[in-house]
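Trainee: Taken from TrEMBL, the feature carbamoyl phosphate binding site applies to A:Ser47, A:Leu48, A:Arg49, A:Thr50, A:Trp75, A:Arg110, A:His147, A:Pro148, A:Leu149, A:Gln150, A:Cys277, A:Leu278, A:Arg305. Residues annotated as N(2)-succinyl-L-ornithine binding site in TrEMBL: A:Glu142, A:His177, A:Lys241, A:Arg281. Look at TrEMBL and you will find A:4-160 tagged as domain 'Aspartate/ornithine carbamoyltransferase carbamoyl-P binding'. Feature annotation from TrEMBL assigns domain 'Aspartate/ornithine carbamoyltransferase Asp/Orn-binding' to A:204-314.
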Amino acid sequence: MKQFFSVADVIDLSGIVDEALRLKREPFAYSNLGKRKTLGLVFLNPSLRTRLSTHKAAANLGMDVMVMNMDKDGWALETRDGVAMDGTTVEHIREAAAVMGQYCDILGIRSFPKLVDQEEDYSEDLFGKFIRFCGVPVISLESATRHPLQSLTDLITIREHWKDDRKPKVVMAWAPHVKALPQAVPNSFAEWMCRAQAENILDFTIAHPAGYELSSVFTQGATVKYALDDALEGADFIYVKNWSSFKDYGKIHSVREQWMLDQGKLELTNQAKVMHCLPVRRDVELASEVLDGPQSLVIEEAGNRVWAAQVVLKRMLDELTTLNQL
Amino acid sequence: MKQFFSVADVIDLSGIVDEALRLKREPFAYSNLGKRKTLGLVFLNPSLRTRLSTHKAAANLGMDVMVMNMDKDGWALETRDGVAMDGTTVEHIREAAAVMGQYCDILGIRSFPKLVDQEEDYSEDLFGKFIRFCGVPVISLESATRHPLQSLTDLITIREHWKDDRKPKVVMAWAPHVKALPQAVPNSFAEWMCRAQAENILDFTIAHPAGYELSSVFTQGATVKYALDDALEGADFIYVKNWSSFKDYGKIHSVREQWMLDQGKLELTNQAKVMHCLPVRRDVELASEVLDGPQSLVIEEAGNRVWAAQVVLKRMLDELTTLNQL
Amino acid sequence: MKQFFSVADVIDLSGIVDEALRLKREPFAYSNLGKRKTLGLVFLNPSLRTRLSTHKAAANLGMDVMVMNMDKDGWALETRDGVAMDGTTVEHIREAAAVMGQYCDILGIRSFPKLVDQEEDYSEDLFGKFIRFCGVPVISLESATRHPLQSLTDLITIREHWKDDRKPKVVMAWAPHVKALPQAVPNSFAEWMCRAQAENILDFTIAHPAGYELSSVFTQGATVKYALDDALEGADFIYVKNWSSFKDYGKIHSVREQWMLDQGKLELTNQAKVMHCLPVRRDVELASEVLDGPQSLVIEEAGNRVWAAQVVLKRMLDELTTLNQL
């Protein structure tokens, strides 16, 4: 594996999930694979879960980790070519990426969208240039449009909690929030679930109010519902998530119906397990009674971030080792 | 040891001091005990000594360390239950603590008081909830009302520097400052010294101007003096420290008498050793001539922070190992 | 080696470069030398390359690394003696340095000049006091007047890329910038190149507009040119760098002639290799066509920062080990 940016970078969806679950059972089975290898984690935006879980995964594999927080003033990167850098940007991505590639064997980078210009965000310009110029394998720690470590985690968690023969019904349900959030997590979850549906692993439904349609790039094959109660019927897993409008880019539309998942709504489901990528706004996105109830998987889901990161790092290290031996 | 929050968490006061001094002589005697174990250090307020010494202690035991600085904007934690999180707090302590517990085998947390509402600070609400929800052993890196790693360090330092048969006289002396400081360090020092006095290890006196009385919870059995010169007579150790008023909560009262320890005052003592937790405001809290003189222990005291942290981590790791073997 | 602050701390200029290049070929040849030793990196100003490359170098030697970012508000250090600390400084360098020395076997520190008072900056007061009070070997991670890890890196890079029998002509060429930058990098490069010239390794020329003369302390023996084209003739290496005025301290003078190195100017040279310490303002300091062209060494040069740091750390560790065995 040379990059981990979207579900398209994974050849074997079931295979990677199984491998992650083996790592969960034996975290130190490959504790020498990463010896003398350095993972660099570049954060252009803040991170808690992603930083800790990826660090832990790297440590389990014997890697050394260096963290670069570049979310402060004075580290603005230039991404455009052909402009004289006489303004506020202090370094071009061409040099910044290439230099980090000199010090690290694998790089991870996080860069949120600005939510102002849809075309700019969805071009994934910064991410693409980072991959192009750094010269080493790159893991997305969440980009403008996707959060693949989260989505792989989510698939691992669903696999762990589903023992039935029939396919589970997975519902991603939009939820209210006080701020305008990116579409990265829902895009990515949709992309991974659509792939899983195409591979006959599960059935996937998206529920959201009108005006909150995601880009069709990510939702091929998904059933879309505009009424929450309708979508919840027969659900085995509910993935609760807020996002801002894609069409009316980055905006929040007022919504009249109740979209917050509470105990009453949960009872419409097939005793569904409840998931959320966290952080969650209690009693805004999701009712406390549900979060604290027996059907919530959110903490275990967060814990599974380690195994998603570890399987991706392991596959990249495997490939680096193979290359070195040639 | 499952938590290290106050002196009550230590069964054997002399035993833990002796064990710390053995670790000082042989820092790497248990360098495999922490292998494949992760220590998470969560700072809701800045730290220099605590971060470095605890990291060093963990490394001596073979642990991996992850540091989370959450003192920036945008990471405000909600601690109240039953409120809709539609304001500025982004994550509830229930989730934040539980998630960190997923990635770490032991957690340390620092959280200063706000010095506005005595009842709120002294409830230790955040600390208590963190312990309750994270699910792993927790070390206080200084809470609203206590700083036990500092106090254990101080007791270690006194033990090291006292070879006489008789009990030493230890005096904690209030000192001036330009800012309103918490009572955590003096509360904690008093609590530990009162316990040591009860165990017949030393005699303990507190000296401060009127209006600077500490909460009686921490000072049981201590002799209290309102005149510095009076307290210093016969002192073997002087612990210099500023704190703001407990009764008139968080306030600074004007003080007419000279409370800064200088050479003249030091000569009233029994050639006392001088201690301070640092950082110290030179020639405000403590005269430079004393700090730079032969009776000052402040640098060695700071160095001893490593052994206090290491003995606490060792005991927690011992217990984790025993649990794993059951 | 007890300190690494200027070229004067290196006895054998050729020897240290050769040793660094051996480490580049065998990065892990001394991977146990630093076991159980801690490197502390103190940043009073931001850092990317220096932090990552020094961390990597330390990891290659088996050291543990602790980073302290003290560039935020609230960590202002007092350096003056004899003043009552009743203002904004929270800790004196005497205590701060001594305490860090308690936790670390080797310390690195970065402290930029303020560019206001030439005498204050050039006294290197903070750096000198840090060395004096911390009690362990100290590496400069860039001080007010010098950046020796960068200069050693540059000499390593020149050595790597010069196979001819004759001495190469090395030109340091001033370049435009939008901000007032310190003289630390050019001072240091000049100091190292003048030493190399005195040892018959190369010929050294400095080119800059009138008014940009560096302190003569650093430029002994260098040829100085006031016209860029004149200096570039026959150049084998061009070291591009902006700096603010030394005489008219910290100021930017307007410059009429073109001082940005572009392809046209590069063709005046002897197919010179182009170097820059980075970050670089594209098409302000240096033309993109040159940076992206085949004669640019800037990325490899940045990569060599690891070997400069590693050889310095190795020499300090060698000496610590010898001392321990006595």
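Indices start at 1 and increase along the chain as displayed.
Each residue, glycine too, has its Cβ placed from N, Cα and C.
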Trainee: Given the binding-site residues A:Ser47, A:Trp75, A:Leu149, A:Arg305, find the one whose Cα is closest in space to the Cα of A:Arg281 (N(2)-succinyl-L-ornithine binding site).
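Mentor: Comparing Cα positions, the closest of these binding-site residues turns out to be A:Ser47.
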Trainee: Summarise the domain 'Aspartate/ornithine carbamoyltransferase Asp/Orn-binding' (A:204-314) as counts of helix, strand and coil residues per DSSP.
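Mentor: Helix, strand and coil residues of the domain 'Aspartate/ornithine carbamoyltransferase Asp/Orn-binding' (A:204-314) number 32 helix, 19 strand, 60 coil.
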Trainee: Kindly assign A:Leu149 (carbamoyl phosphate binding site) to one of the three DSSP-derived states: helix, strand or coil.
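Mentor: Assignment for A:Leu149 (carbamoyl phosphate binding site) reads helix.
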Trainee: How many other Cβ atoms sit within 10 Å of the Cβ of A:Leu149 (carbamoyl phosphate binding site)?
Mentor: 25
Trainee: Show me the subset of A:Arg49, A:Trp75, A:Leu149, A:Cys277, A:Arg305 whose Cα is within 10 Å of A:Glu142 (N(2)-succinyl-L-ornithine binding site); these are the binding-site residues I mean.
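Mentor: Within 10 Å of A:Glu142 (N(2)-succinyl-L-ornithine binding site): A:Leu149.
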Trainee: Measure from the CA atom of A:Cys277 (carbamoyl phosphate binding site) to the CA atom of A:Lys241 (N(2)-succinyl-L-ornithine binding site) and give the result in Å, rounded to a whole number.
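Mentor: Pair distance, Cα basis, whole Å: 8 Å.
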Trainee: Run through the Cβ atoms and count how many others sit within 10 Å of the one on A:Glu142 (N(2)-succinyl-L-ornithine binding site).
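Mentor: Neighbour count, Cβ to Cβ under the 10 Å cut-off: 26.
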Trainee: Please state whether DSSP places A:Ser47 (carbamoyl phosphate binding site) in a helix, a strand or coil.
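Mentor: DSSP call for A:Ser47 (carbamoyl phosphate binding site): coil, neither helix nor strand.
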Trainee: With CB distance below 8 Å as the criterion, list the binding-site residues among A:Arg49, A:Glu142, A:Lys241, A:Arg281 that sit near chain B.
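Mentor: In terms of proximity to chain B, the binding-site residues that count are A:Arg49, A:Arg281, given in sequence order.
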Trainee: Far apart in sequence but close in space: which same-chain residues, 6 or more away, have a Cβ under 8 Å from A:Trp75 (carbamoyl phosphate binding site)?
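Mentor: Correct list: A:Val90, A:Glu91.
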Trainee: Same-chain residues six or more away whose CB lies under 8 A from the CB of A:Arg305 (carbamoyl phosphate binding site)?
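Mentor: In sequence order, the residues whose Cβ lies under 8 Å from that of A:Arg305 (carbamoyl phosphate binding site) (at least 6 apart) are A:Arg49, A:Thr50, A:Ser53, A:Thr54, A:Leu149, A:Gln150, A:Thr153.
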Trainee: Rounded to an integer, what is the Cα-Cα distance in Å between A:Ser47 (carbamoyl phosphate binding site) and A:His177 (N(2)-succinyl-L-ornithine binding site)?
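Mentor: About 19 Å separates the two Cα atoms.
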Trainee: Please compare the binding-site residues A:Arg49, A:His147, A:His177, A:Lys241, A:Arg281 by how many other CB atoms fall within 10 Å of each one's CB, and tell me which has the fewest.
Mentor: A:His177
Trainee: Go through the binding-site residues A:Arg49, A:Trp75, A:Glu142, A:Lys241 for me and flag any whose C-beta is under 8 angstroms from a C-beta on chain C.
Mentor: A:Trp75
Trainee: Tally every other Cβ atom lying within 10 Å of the Cβ atom of A:Cys277 (carbamoyl phosphate binding site).
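Mentor: A:Cys277 (carbamoyl phosphate binding site): 24 neighbouring Cβ atoms within 10 Å.
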Trainee: When the pLDDT values for the domain 'Aspartate/ornithine carbamoyltransferase Asp/Orn-binding' (A:204-314) are averaged, what is the result?
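Mentor: The answer is 98, the mean pLDDT of the model over that range.
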